[in-house]
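Here the structure is laid out as C-alpha cells; the discussion comes afterwards.
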Amino acid sequence: MDTNTETTVDKKPRNEPKNEHKKEKWGTKLEFLLTCLSYVIGFGNIWRFPYICYKNGGGAFLIPYFLSLGFIGFPLMVIEMTLGQYSAKGKVSVWQFIMVAVQAVYYNMLVGWSLRYFLASFTFDDLPWKRCNHTWNTGNCTEGQVGNSSNLKSPSDEYFHEDVLAINKDIADVDDLRWDLVFCLFMAWLMVFLSVSRGVKGIGKISYFTTLFPYVCLTILFIRGITLEGAWNGISFYITPDWTKLFNTSVWIDASQQIFFSLSISWGTMITLSSYNNFENHLILDATIIAFGNSMTSIAAGFVIFAYMGAVAHVRGVDVSKVATSGSGLAFMMYPEAVAMFPWGQLFSAVFFFMLILLGMGSQTPNIESLLSAVLDFRPDRRKYRLFILLQFCIIGFLLGLIYCNTAGMYWFTLFNDFVASTSAMFVGLVEVVSIAWVYGIDKFMDHMTEMAGNPPTPKLFWKIVWKYVTPIALIFLLIATLWTTKAPEYRDYIYPTWTVLFGWAVIVLQVLPIPVVAMYYLCKCYRENTGIKDVSVPDVDWKNKDTSSSESNGDKPPDNTPANTPDNTPANTPDTTPAN
C-alpha cells in the first residue's frame, strides 16, 4: 500500500495541462556553447581582425588585444550572461533592443552578397572576376599590376562594383534596385526564418553545423593557401612584431574596439542566449570558453587570409602591404582575386563563400531570436503566435534591407556598419557596468552569481576591482577617444553629404535615447514620492528566474495536487518557496 502511494506521488498526472507560457531551455549545454560561439564568430573575425593586427604591429598587437579581452570584453560578457541566466528574460526586461534590430537589417546584406558570390562560383569557365572581357568591365580594368595608379582597377574590383553593386555616384539615388541582390537578400531572410522557426532547441541543433563546419573550411583554405608561392611572405608579414607600435594610442583603441565588437557585447543577444540556461549553470566557465574560442579563431583566420595576400602580392610583384586590406575589400575583392589566379579556383571560391554564409547565419539567427524572445518575454501569452511574429520580423527586415539592394546600397551599408554601430554599443556597455557595480550593488550582484553557481567568482577582490573601477574607466577612455576620432564615413573616393552624417548621429541617439529617458523618469518619480535613488533602483520582485531548479525544468517537479501540510507526503528535499514577509 505504501509503495503504491509513493508511486502515485512521484508520477506526473496525465491530465496536467501544458504550460504554453513556459520559456524554452537548451537541449544540452553543448548547444548553448556552440550557439554562442557561432554568434560571436562572424565576419569580423575573418575580414577585420587580420588587417587590424597587421596594421598595429603584427604579433605585438596581441598584448593590448588580450589585455582588452581580460579587462573589458570578458567582464562585460560575464555581466550579460549573469543578467540573462538569473532572470531568464530577454532584453525587453533587462535592456532595449533597438541596436540589435538596426544591426540585423544591414548584417543580413552581407549574407546576401556572400550568397551572390557563392552562386557565381559554380561555373565551368573562368570565375567571372578573373578577366577583363565582360560587359561590365571598363577601360580601366587590367589583369596586370595595378600598382599605385588610382585609375587602374583589377577584374575583381570591377566585378564587385560594376556588376554586383552597379554602384552609382550619389547615396540619395536609391531608385534602381538590383534584382539579383533582392533575390539573394530574400533567400538570406528565408534561411533566417527557417533556422529560428524551430525555437532555441532548433537553433542549438543547427549550431553544430554553423559553428564547426567553418573550421573545416578554414582548414581546407589554409592547407591550400600555404602551398601557394609567396604565401609564407604574407604570413611572416602578419606575425612579425613591431614593438614601437605599442606606444601609439590608436593601437590600444583599435584593440579595445576589436574585442568589444568581436564578442558582440552590449547588443543584448548574449543576455537572451543565457536566459535559456538552467539556473545552476556555471557561466564563468562558459564565458571563458566562448571568449577564448573567439580569439583563437581570429588569430587562426589571420594565417589563412595573409597566406592568400602573400600569394596575390607575389603574382603582382608588389609588397604585401600593397594588397593588405579589410572589410568588403578583403572578402569580395582581394580573396576572390586570389583564388581566381590558381587551379581549382571555383572550388575554393565556393568553400570560402559558403563559410561566410555560415558565419553570417550563425550570428544572425541569435540576433533574430533575441528580438523574438524580447517580445515573448514581455507578452508570454503570445508564445503560441511565435511563428507569426517571427514571420513579421523577417518580412520587415527584408523590406528595410532593400535600401542596400539599390545602386547606392554600399554607401548606406558603410554608413551603418562603420559609423552608426560603434558609439552606441560602447555607451550601452558603460551604462551596464556602472549600473551593476555602483547602482544595483556589486556585492548583491556577486551574491546572485553565488546563488546560481554555488560559489562566488574567484578571486572575489579581483572581480570587484575590475567591475567597479577598471572596466568603467577603460570604457570611458575608449568612448571619449572614439568620439574624438570619429569622422564622417567614407567609401573609396565618395564624400558623404552633411545630411547623411546628421542622419547617422540621429540613429545613434535613437539607439541610446531610452537610457536617459528612463533614468529621468525614475528621477522625477523620486522627486514626486520623496524617495531615494536606491529605492527605485531595486528590481521587480520577479527579476529572479522563477524556474530555479534544473530538476524542475526536467519535469521532476511534484504535481500540484500533492497534499499540502502533510508531513508524510511532503518530499524531504523540497525547498521552502514561501516568500518572506
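Our numbering is plain: 1 for the first residue shown, then up by one each step along the chain.
A Cβ is built for glycine as well, from the same backbone N, Cα and C atoms used for every other residue.
All TrEMBL annotations are machine predictions without curation.
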Checklist entry - Looking only at C132, C184, which is named in TrEMBL as the disulfide mate of C141? => result C132
Next on the checklist: Please identify the stretch among 179-200, 341-361, 387-413, 419-440 with the greatest number of Cβ pairs below 8 Å relative to the transmembrane segment (502-524).
Outcome noted: 419-440
Item to check | Residues flanking the Na(+) site, with Cβ no more than 8 Å from the Cβ centroid of N45, S262, N294, L359, S363 and excluding those residues themselves | outcome: Y39, V40, I41, G42, F43, G44, I46, S264, T297, S298
Item to check | Cβ contacts under 8 Å made by the transmembrane segment (32-50) with residues that lie 6+ beyond its boundaries | outcome: 26, 110, 203-204, 207-208, 210-212, 214, 238, 258, 261-264, 269-270, 273-274, 276-277, 281, 286, 289-290, 293-294, 297-299, 301-302, 305-306, 326-328, 330-331, 355-356, 359-360, 362-363, 365-367
Next on the checklist: Which residues of the chain, 6 or more past the ends of the transmembrane segment (461-482), have a CB below 8 A from one of its CBs?
Outcome noted: 68, 71-72, 75-76, 79, 249, 253, 256-257, 260, 422-423, 426-427, 429-430, 433-434, 436-438, 442-443, 446
Checklist entry - If you count Cβ atoms within 10 Å of the Cβ of S363 (Na(+) binding site), leaving out that atom itself, what do you get? => result 25
